[in-house]
Amino acid sequence: MSLRTLVLLKPDAVRRGLVGAILSRYEAKGLTIVAMEQRTIDAAVADQHYAEHVAKEFYPPLRDFVTGGPLVALVLEGDNSVDVVRLLNGATDGSKAAPGTIRGDFSLSNRENLVHGSDSPESAEREIGIWFPGL
């Protein structure tokens, strides 16, 4: 079933010049870019996006990281896009991600793990509403 999902190419991906390499992996799996924008976000957007983590100990450094430089937000569409993106991204901790995944091949640390992908169709809908209202 064709679904939409939100992907963030985090500031480390932009800083390291990996945007094209990462996008090509999604496109090679048949996912279509529906919307894409590079921007720098403020703490309010980060807090809205990561609402379930705001009170957790690890969150302040994560917020500083995602607000510390430009990122690329995009909506991808395709068959089972949520699951496909999560498989392509690999394990959240890049040191544990399998080779052949985006994080396994390019990630340098757990926090600077290059990408975010929605974890469910419901999360995708909520996150797309934050990043691309009206889409």
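Cβ atoms are placed via backbone N, Cα and C, with glycine included.
As given in Swiss-Prot:
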- Lys10, Phe58, Arg86, Thr92, Arg103, Asn113: ATP binding site (BINDING)
- His116: active site, pros-phosphohistidine intermediate (ACT_SITE)
Problem - DSSP-derived class (H/G/I helix, E/B strand, else coil) of Arg86 (ATP binding site) - result: helix
Exercise for the section: Using only the residues recorded as binding ATP (Lys10, Phe58, Arg86, Thr92, Arg103, Asn113), report the maximum Cα-Cα distance in Å, whole number please. Expected result: 21
Practice task
Using C-alpha atoms only, work out the spacing between His116 (active site, pros-phosphohistidine intermediate) and Thr92 (ATP binding site) and round it to an integer in Å.
Solution key: 9
Practice task
Measuring CB to CB from Asn113 (ATP binding site), give everything in the same chain under 8 Å that is also at least six residues away in sequence.
Solution key: Lys10, Asp12, Thr92, Asp93, Gly94, Arg103, Ser107
Problem - Spatial neighbours of Phe58 (ATP binding site) that are distant in sequence (at least 6 apart) but have CB under 8 A - result: none
Handout entry: Per DSSP, three-state class assigned to the residue listed as 'active site, pros-phosphohistidine intermediate'
Key = strand
